[in-house]
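Here TrEMBL flags THR43, SER44, VAL166 as FAD binding site. As annotated by TrEMBL, D-dopa binding site applies to TYR223, ARG278. Annotated domain 'FAD dependent oxidoreductase' per TrEMBL: 5-324, in sequence order. The signal peptide feature in TrEMBL is assigned to 1-19.
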Amino acid sequence: MAAPKVAVVGAGLIGLSTALCITETCPSCSVTVLSDQFSPNTTSDVAAGILIPHTYPDTPIHVQKQWFKETFSHLFAISNSAEASEAGIHLVSGWQIFKNTPKQQLPFWSDVVLGFRPMSEAELQKFPQHRFGQAFTTLKCDCPPYLLWLEKRLKASGVQIYARKVADLWELHGEYNIVVNCAGIGAHQLVGDKKLFPIRGQVLKVQAPWVKNFIREGDGLTYIYPGIDSVTLGGTREKDNWSLSPDPGTTQDIFDRCCSLEPSLRGAQVVKVKVGLRPSRQCVRLQREVLSQGGVKLPVVHNYGHGSGGFSVHRGTAKDAAHLVGECIAALQGSSSRAKL
């Protein structure tokens with residue numbers, strides 16, 4: 001069998017990472033990325049890009065932890081390299097704070113991030129409305145530079161990247177042997193996934209170079225994440241809201257909430273307001289499927305539905321998806337050798 005042709009649909013964080021992992025684990029493949037949206041116009045470009053996992057209710061915790069460990073190790077290695085600045089990755093320390101002490105004081109990821117510990121009484125005095133907190137160091141990814149860095153890596157590996165809107169996976173049959181669906185919220189229409197729904201997120205980018213530490217409320221709704229060039233303030237979680245237009249009232253609400261945690265932000269200038277639709281479901285859809293039409297088969301690998309937690313697990317799920325592509329290739333090679341017999 002000639003070198004298998006793999007099409008990856010989607011050029012956000014998940015699509016580009018998955019394409020890169022496929023080239024690493026299946027070097028004999030020819031990989032092409034197809035998408036109608038590229039950075040800076042993807043959902044990933046809006047993401048705050050901090051590595052603090054969100055829990056997927058229908059995914060075993062040990063699997064989520066493995067995804068997070070893979071991702072943390074991968075980005076930590078980049079943060080310790082000469083490419084850290086170009087890739088937009090750096091370490092950031094800060095606090096996750098709670099108005100009431102949570103039942104689970106030690107999250108499953110506490111031993112993956114660096115220096116995780118309960119906050120001291122002295123630290124908590126900074127947040128008089130909060131009774132409990134956790135201090136740790138994690139990784140922050142500035143998303144647009146990271147996506148461009150991934151694209152550059154892909155092109156250097158010989159991956160073709162084309163602007164193309166894929167309306168139906170079947171249209172790729174004949175051109176490609178295997179299709180990888182990383183369409184994010186687009187999978188709602190592309191494969192008719194009714195379990196997938198948008199959670200609208202609005203964030204502000206502000207100029208506040210004096211803010212060095214992240215601050216995050218335990219429910220994940222209000223957060224302050226310092227990046228390399230700006231500070232991200234958030235946020236919102238509006239289920240089933242498909243609007244991509246920034247809402248001025250929401251902008252003011254986010255700003256006020258963040259200023260209540262870090263009053264010095266009152267002097268910050270808002271540079272940009274961004275909106276994204278997080279592709280959410282009860283669990284990431286990470287599976288092989290063989291589509292069949294009139295005796296014709298098309299092997300598909302799905303990797304989408306990462307919701308609010310895509311950055312924290314993107315490398316782990318991409319590696320798993322690449323292994324599934326490897327299984328598809330083995331199955332194709334097995335059937336082609338049987339056909340020769």
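Using N, Cα and C of the backbone, Cβ positions are placed for all residues, glycine too.
A map of TrEMBL features onto the structure.
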| residue | record | Cβ neighbours (10 Å) |
| --- | --- | --- |
| THR43 | FAD binding site | 26 |
| SER44 | FAD binding site | 30 |
| VAL166 | FAD binding site | 19 |
| TYR223 | D-dopa binding site | 24 |
| ARG278 | D-dopa binding site | 24 |
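Here the CA atom of SER44 (FAD binding site) lies 17 Å from the CA atom of TYR223 (D-dopa binding site). When pLDDT is averaged over the domain 'FAD dependent oxidoreductase' (5-324), the result is 96.
The two recorded residues SER44 (FAD binding site) and ARG278 (D-dopa binding site) have their Cα atoms spaced 9 Å from each other. Taking every pair among THR43, SER44, VAL166, the residues listed as contacting FAD, the largest Cα to Cα separation comes to 19 Å.
Spacing of VAL166 (FAD binding site) relative to ARG278 (D-dopa binding site) is 20 Å (Cα to Cα, whole number).
Each residue contributes its Cα atom, and for THR43 (FAD binding site) and ARG278 (D-dopa binding site) these two points are 7 Å apart.
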